[in-house]
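Read the structure below first, then the notes.
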Amino acid sequence: MKALKKIAGVTAAQYVTDGMTIGLGTGSTAYYFVEEIGRRVKQEGLQVVGVTTSSVTSKQAEGLGIPLKSIDDIDSIDLTVDGADEVDKDFNGIKGGGAALLMEKIVATPTKEYIWVVDASKMVEHLGAFKLPVEVVQYGADRLFRVFEKAGYKPSFRMKGDSRLVTDMQNYIIDLDLGCIKDPVAFGHLLDGTVGVVEHGLFNGMVDKVIVASKDGVTVLEAPKAG
């Protein structure tokens, strides 16, 4: 599995060229993309500027000598590579297993080409077997938890040890155990309209390419262009 993740990450790095501003994703597969960019910066003199999606990735990139900029200092990103926890046949996905979904979505939004790197186990018919992360403000989080419970979403607070995990943006995460999300777009809109929800892990219609590594090799899937 580790080898497949590395292959996917290294393959994605081939899309990066001199002068690009690149979004650096978070998670076990995106890790290898960032490592490969670091190698190219050091060994090939690759000239890029990175925008990171978490404090973990910032630390990794700084250690590799990748120059970084804040999202607030750029207007567009040429290419972002990130992992995904599930991807369906319509190129909708669940992200946020690493608790970085808000920053990941903020970086994805001004990106011209958005690529996910996954191993074949992440490709699914329907989203929902992986718990859907919902980032919520701390104020009123318990009330919101009860709202989700009443709706049958089987919520649980993301924990770190004995305490609730606090994200880089100082929010909580409530994971929803939905089993199957029949209409991810409609459910995304529902969560978008829920007061107290900062962001959710449904990334619908955002990705341009999905690089899938399996024991048979690497496949690059292209999402159909909108319109």
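Using the three backbone atoms N, Cα and C, a Cβ is placed for every residue, glycine included.
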One of K122, K150, K154 listed by Swiss-Prot as binding substrate at the site of T26, G27, S28, T29, D82, G83, A84, D85, K95, G96, G97, G98: K122
Among T26, S28, which are binding-site residues, the residue with the most C-beta atoms within 10 angstroms of its C-beta: T26
Rounded inter-Cα distance in Å - T26 (substrate binding site), E104 (active site, proton acceptor): 8
E104 (active site, proton acceptor) and A84 (substrate binding site), distance between Cα atoms, whole Å: 11
Recorded substrate binding residues, T26, G27, S28, T29, D82, G83, A84, D85, K95, G96, G97, G98, K122 - maximal Cα separation rounded to whole Å: 16
E104 (active site, proton acceptor), number of other Cβ atoms within 10 Å: 29
Lowest local Cβ density (other Cβ within 10 Å) among binding-site residues: A84, K95: A84
